[in-house]
């Protein structure tokens, strides 16, 4: 079930360095929210904070509140593994388990949860391969290694793996940056289909992609080297690209910087 994300006064640190300053925003269910901005502005840091992935970096910490519906994912006693199960992530470069079969890649998360029934696993693999428009391309080689697929197919396989554990939210960190235009189009079409069931947040450097796939867009900016990134504005994507409120947003969209 798609859920809402709310950030309230979020500050992100790595040791003594403040990477992100005072971010508050809402990510609506069954929609696509795009994070845009120049390199180093904090958009990927904020994305990784949404499912506590930033915690793999020593010294990382968050101040403020991140709510999944009404649950604070940083509250004492909340298991980060459970958070990452509810809020899945697809990374910049496709990262299937290379020696694992296509079928086993999809159901890897279920196996970690203790599911062993072969029919359940097979049916699940087929269901989510169909859901990512990959089934017809791989149905005759399900036992072949996932690493043998093309880049675009590997990324769709990773998306199938991410949604097979039925998360509430799906995070995508530049999912098309290493793909060719045809594969990119396939991923973008898939995002449009997936938002009917999931809440999606995507980081992209491609402003045309943000305009094509997202319902709302958040623009992040870095005032100066060594200063924290911050959220400049968030609004409906059409408004951000046609009539932004902030001059910094207009300057970035128009190519004056970034």
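Quick reminder: no glycine exception, Cβ is built from N, Cα and C everywhere.
Feature list (source: Swiss-Prot):
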type    : residues                       : note
BINDING : 37, 38, 39, 40, 41, 42, 43, 44 : ATP binding site
DOMAIN  : 5-247                          : domain 'ABC transporter'
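Highlighted in sequence order, 45, 220, 221, 222, 229 have their Cβ within 8 Å of the centre of the Cβ atoms of 37, 38, 39, 40, 41, 42, 43, 44, the residues recorded for ATP, and are not part of that set. If you draw a 10 Å sphere around the CB of residue 42 (ATP binding site), it holds 23 other CB atoms from the protein chains shown.
Neighbour count (other Cβ atoms within 10 Å of the Cβ, all protein chains): 15 for residue 38 (ATP binding site). Of all Cβ atoms in the shown protein chains, 25 besides its own fall within 10 Å of the Cβ of residue 41 (ATP binding site). Working note on the binding-site residues 39, 44: by count of other C-beta atoms within 10 Å of each C-beta, 44 ranks first.
Over the domain 'ABC transporter' (5-247) the predicted model carries a mean pLDDT of 94. In this structure, residue 43 (ATP binding site) is part of a helix by DSSP.
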